[in-house]
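What TrEMBL says about this one:
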- 4-144: domain 'Sodium/calcium exchanger membrane region' (DOMAIN)
- 42-62: transmembrane segment (TRANSMEM)
- 74-95: transmembrane segment (TRANSMEM)
- 127-144: transmembrane segment (TRANSMEM)
- 172-194: transmembrane segment (TRANSMEM)
- 172-317: domain 'Sodium/calcium exchanger membrane region' (DOMAIN)
- 206-230: transmembrane segment (TRANSMEM)
- 242-262: transmembrane segment (TRANSMEM)
- 274-291: transmembrane segment (TRANSMEM)
- 303-321: transmembrane segment (TRANSMEM)
Amino acid sequence: MLLSAAAVVAGLILLVWSADRFIFGAAGLARAAGISPLVVGMVIIGFGTSMPEVAVSTLAALQDASGIAIGNAVGSNICNVALVIGISAIVRPIAVTSGVLRREIPITVAASVLLVLLVIDGALTRIDGAVLAAGFVAMLLWMLRTARTQGDDPLLVEQQAEMPPAIGSGRAIGWIAVGLPLLVGASQLLVWGAANIAREFGVSDLVIGLTIVAVGTSLPELAASITGLLKGENDLAVGNILGSNLFNILFILLAPAFIAPGPIPDPMLLTRDLPVMVGLMLMLWATAVGLRGAPPGIQRVEGGLLLTVYGGYTLILALTAST
C-alpha cells in the first residue's frame, strides 16, 4: 500500500514536470519553425496543461484500465470547474471580458452534452471515437481561424504574454526528447500505483480515475489559473480550463474509444458523473457570461459554491464507490 501511494505521488510530481518541459520544447520548436506566436499560444500552450491527462489515459487504455482512462478525463473536467475555478475565484474574483471565451463556453457545454449522447447506450465505441475525432478537428480549425482573425482579443493577448521565450530548434528538440519519455514513465508509475490502490480499497478503477488521478493531473491547470489571476490575466484563468475541458472530451477520450472500446466500466458514470460534469459547465456559463443582467465574471461567493458542489460530489463518490 505504501509503495503504491509513493508511486502515485512520485508519478504525479514527475508527470507535471515532464509535461511542462515537453510543452516548452514543443512550443519552442513550433516558433523556430516559423509558426505564428498566436497559433502557438492558443493551440500548443492552450492544450499544454492537458498533457498529463493524455499520457495517463493512453497508458491506462493500453493496460486495459479503461476506468482510469475515462475517469481521468471526466474527473479532470469536474475538478477543473469545481475545484480549480472555485479556488481561483476565492483567491481573486475572475472578470471575463474576452469575446472568444464567451463563444468557447457554449462550445464546451455542447461537447459535454455530445459525450453524454454518445455513451448513453452504455458503451464507448470506435464509432463514438470517430465522432469525437471529427469534433476535435472542427475545434482545431475554429481555434486556428480565431487566432488569425481576432488577435486583439484579451484572451489571445494574455496567452501570447505567457509564451515561453524563443529557443533554438536544437534545444527545443532536446527538451522534447527529455520530456516525452519521462512523461510516459511517470504515467506508467501513476497508473500502476492507482490501480493497486483501487484493488486495495475495493473500489473501481473509475472512482480512482475520477478522484486521485483526476485531481493530480489537474494540478497544472490550478497552477496556471492562479498564476494568471495574480498577474491580472483573468480571461486566461478561465481560458486554460475551457481549453483543457474541450481537449479532455474530444481528444483524450479517443484513447479508450480506439484502444479499448467497449461497455462503460461503471454505469454510475451515466447517472452520477456525467450529469455533474454537464451541470458544472452550465453553472460556469451562467456565472461567467453574466445571465439575467448580472455582471460577467465569477465572484468569491460563486467560487465557494463551486467548491461546495465538489465537496458534495466527492462525498457521493465515497458513498457509492464500488468495484
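The count begins at 1 with the first shown residue.
Here the Cβ of each residue, glycine as well, is placed from N, Cα and C on the backbone.
Keep in mind that this is a model prediction, so the values were computed, not measured.
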Are the transmembrane segment (74-95) and the transmembrane segment (274-291) close enough that 3 or more Cβ pairs fall under 8 Å, when only pairs 6 or more apart in sequence count?
-> yes
In the same chain, who gets a Cβ under 8 Å from the transmembrane segment (42-62) while lying at least 6 residues past its ends?
-> 15-16, 19-20, 22-23, 26-27, 30, 68-70, 72-73, 76, 140, 143-144, 146-147, 156, 159, 162-163, 183-184, 186-188, 190-191, 205, 209, 213, 216-217, 219-221, 224, 239-240, 243-244, 247-248, 251-253, 255-256, 259-260
Helix, strand and coil residues within the domain 'Sodium/calcium exchanger membrane region' (4-144) as assigned by DSSP | 119 helix, 4 strand, 18 coil
